[in-house]
Amino acid sequence: MTRRYLFTSESVTEGHPDKICDQISDTILDALLTEDPSSRVAAEVVVNTGLVLITGEVSTQAQTNLIDLARRKIAEIGYTGEDSGFGANNCTVLIALDKQSPDIAQGVDTAQEQRQASSDERFDSIGAGDQGIMFGYACNEAPELMPLPISLSHRLARQLAVVRHNGQLDYLRPDGKTQVTIAYEDGKPVAIDTILISTQHKAAIGDISDDNAVQERIKSDLWEQVVLPVFSDLVIQPDSATRFLVNPTGKFVIGGPQGDAGLTGRKIIVDTYGGYSRHGGGAFSGKDPTKVDRSAAYACRYVAKNIVAAGLAEKCEVQLSYAIGVARPVSVLVETFGTGKVADEVLLDLVRKHFELRPAGIIEHFNLQRLPGERGGRFYQEVAAYGHFGRNDLDLPWEQTDKADTLRQEALATTQA
C-alpha cells in the first residue's frame, strides 16, 4: 500500500531579526580571523527596536571596530531608513565581551591525548572546544543533495532578496519568511502541496493603498517574479492543486527588529536540513572552528554528501560526538535508513579510514581559520543566511565530493571480496 504524507520546511530572509544577529556574529568572526587566524570567538548578538547588543567571549590579537562592522552589515542587509524603528545609522550598538575562559582554553590549546602523552600525532594537538553531538545529512532529492523542502524554501527566500535588492519589487522590505510543504509517496517527493511566503512590504505600492489591493498585487508579483523563477529548472512543479499563501495575516508592514527581537543561533533548523534530519542542538554563527558545534557539523555533511554522491545510499545521516578537551571523537555513526548499497558497518569503516574527524584535522582540511582572509574578509557571513549546506552559489569546502570515487571503488571491492 502506498504511503502518502506531507513534510514541511521553512527558511527566512537575511532581514529576519534572528538572521541579522547571525550575520553580524559571523561578520565579526570573519574580521577577527582575517586579522588573527588563531582567534577564539563566540560572538552573540541581540537586536531589538533601535538596539544592537554584541556579547560573548573573544580572545584575539585583532584590532577591529565591531560597532562599524555591525552598522555596515545592517546597512548591507537593507535597514538604512529611519522609518523602520531600526536603521544602520540610528541604532545604539553596545558591546559586552569577555575573554575565553582559561579552563576551556587549556583543553583546546592542548588536547587530552597530548597532555597525557598518549599521542604525539599532529592532529591530536587541539581538543574539542566543547562536548556535544553533531549531525550531517545528504539525500538525492535535490541537485545539491539536500532535502527538497528546505532546498525550495531557501531558493524562495534568496529570490525574495534578489528582487528586493535589484529593484524589481522595490516595495519589499528586508524581513521575510518562506515555507514549502512537499507531498511524498513511499519516501519520494511527488508534488508541491503548499507554498507560503510572508514578506515585509511598504504600506502602499504606488497609488495602491487599500490593504486588500496591496496584498493582491504582492501575491501576483511574487508568483511571477519569485516562485516561477525558482521552479524554472526543476522537474517538480507547483500545479493547480498547490496552495499559494502570501502574508496570511493580511499585512506585514512592521517587521525586522521593530516587530520581533532577534538572537544569534535561533534558526538552527533553517541553517541545516529543515527538520528532515536530526540536529545536535548547537548553533553555528559567531563560533570559530575550534567549536565543534560548527566545524564537526560541516564535517558530518561532508561525509554524508560524499556517501550519497558515490551512489552508496539514497539517504545518509552521520553523527559525531566529542568530549571537551579531547581530540578524537567519542563516537561516529553512519545511518542510511535502508537505502545503502552496502552495509552501514562497511560505510563506517570507510569513513574512519578516509575522513579526518579530529578538530585540528577538520580545520586544516577545510582551511577554516584562513578562508576569511583568503576571501577578502567574507566567508562565514556568506553562509549566515540561506543555509550552510547545499549552497551551490558558494564555493564551500564541506560541499565538495572529492572522496566519492574512492568510497565507491572501495565499497565495490568489499562486495566482491
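Glycine is no exception: its Cβ is also placed from the backbone N, Cα and C atoms.
As recorded in Swiss-Prot, the features of this protein are as follows:
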BINDING   His16, Asp175, Gly176, Lys177, Lys251, Phe252, Asp260, Arg266, Lys267, Ala283, Lys287  ATP binding site
BINDING   Asp18  Mg(2+) binding site
BINDING   Glu44  K(+) binding site
BINDING   Glu57, Gln100, Asp260, Lys291  L-methionine binding site
REGION    100-110  region 'Flexible loop'
- request: Express in Å, rounded to the nearest integer, the largest CA to CA distance found among the ATP-binding residues His16, Asp175, Gly176, Lys177, Lys251, Phe252, Asp260, Arg266, Lys267, Ala283, Lys287 named in the record.
  value: 36
Message: Need one number for the L-methionine-binding residues Glu57, Gln100, Asp260, Lys291: the maximum pairwise CA distance in Å, whole number please.
response: 30
Query: Is any of the binding-site residues Asp18, Glu44, Glu57, Gln100, Lys291 within 10 Å of Asp260 (ATP binding site) (Cα-Cα), and if so, which, in sequence order?
result: Asp18
Query: For the region 'Flexible loop' (100-110), DSSP counts of helix, strand and coil?
result: 8 helix, 0 strand, 3 coil
Message: Rank aside, I only need the closest one: which of the binding-site residues Asp18, Glu44, Gln100, Lys291 has its C-alpha nearest to that of Lys251 (ATP binding site)?
response: Asp18
Field: Intrachain C-beta neighbours of Glu57 (L-methionine binding site), sequence separation six or more, cut-off 8 angstroms
entry: Arg40, Val41, Ala42, Leu97, Asp98, Lys99, Gln100, Ser101
- prompt: Out of these binding-site residues, Asp18, Glu44, Asp260, which one has the fewest other C-beta atoms within 10 Å of its own C-beta?
  reply: Asp260
